[in-house]
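See below for the structure under consideration.
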């Protein structure tokens with residue numbers, strides 16, 4: 001009885017096709033946005049920004065991008081870390097070459113460059129799929145990391161091989177560099193995540209999203225009814241890589257500040273984002289948020305409990321964190337393959353029927 005559509009009438013097609021057709025859903029999302037924009041910036045400090053909020057916002061963008069490819073289009077990818085590296089190095093070259101351009105445009109252009117690279121590496125999906133496509137994207141991951149390591153032009157011939165984000169401002173406020181504040185970093189990432197989520201939501205609900213899901217469910221049948229596999233798969237790789245490239249650009253420029261490609265964008269990054277999508281739920285924008293929040297908050301919680309509460313050594317706690325996360329992934333795959341998003345759907349159904357049993 002708490003979550004009802006009763007009395008929620010639609011009198012036009014536009015009202016029926018809006019992003020959040022249920023009134024309580026709209027109220028919940030608007031309340032979350034009000035807290036995120038109107039409350040958190042006034043209380044956030046460096047610890048909460050660096051440990052929780054900024055990583056969550058960035059990884060949520062990456063998870064949305066990968067979910068479009070894996071969850072909506074059904075194309076397996078293990079090259080997320082490599083595509084995030086493309087976004088990071090693209091924004092680095094743009095920031096150093098065009099210092100007068102706003103950082104926001106640099107991040108968007110870095111996403112566009114990553115989309116072009118994603119289309120290039122997505123072309124094999126026209127001939128292969130499943131395990132073989134996963135291996136092809138894994139090869140792309142290793143190739144991109146090797147390329148950024150071996151070509152000095154990408155890191156401006158730095159002796160250390162690292163890239164460092166220069167100080168950049170937006171509306172007179174420092175977004176990158178040592179002079180930035182926790183609130184500035186948080187709000188910058190939050191604005192981009194909001195735009196990405198709205199764009200992804202509308203893409204998946206429109207004609208393009210229906211083509212992706214048709215290819216995912218049965219590509220041969222989709223081709224028979226008129227869906228072009230070439231355009232569907234290429235657009236899926238382009239949209240996914242665009243969002244992942246934005247996440248990589250933010251991870252380097254706003255969060256890390258300096259990075260070495262092998263450490264910051266290795267294969268572990270690819271699996272981390274993939275686990276976020278699996279735990280959150282394939283084919284769900286909300287699941288991308290839930291999976292990112294789960295895998296960002298869980299290590300922080302375990303570290304505070306194991307190290308701060310029980311006084312365990314840091315290295316032992318770090319290994320135990322990996323074991324717990326791995327065990328939870330296995331549990332989710334067995335007990336609830338559709339992830340946290342499916343648990344939320346079940347909870348909403350229970351709220352619709354309560355207090356009646358069925």
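Each residue, glycine too, has its Cβ placed from N, Cα and C.
Curation does not apply to TrEMBL; its annotations are automatic.
Here TrEMBL gives transmembrane segment for one range in the set 27-44, 207-224: that range is 27-44.
In terms of C-beta pairs under 8 Å, the stretch of 76-95, 130-149, 236-259, 271-296 lying closest in packing to the transmembrane segment (169-200) is 236-259. Scored on C-beta pairs under 8 angstroms, the neighbour of the transmembrane segment (101-123) with the top count among 27-44, 50-69, 76-95, 130-149, 316-335 is 76-95. Within the chain carrying the transmembrane segment (271-296), a Cβ under 8 angstroms from the stretch's Cβ atoms is held by residues 52, 55-56, 59-60, 62-64, 66-67, 70-72, 77-78, 80-81, 197, 200-201, 204, 213, 216, 244, 325, 328-329, 332-333, 338-342, 344, all 6 or more beyond its ends.
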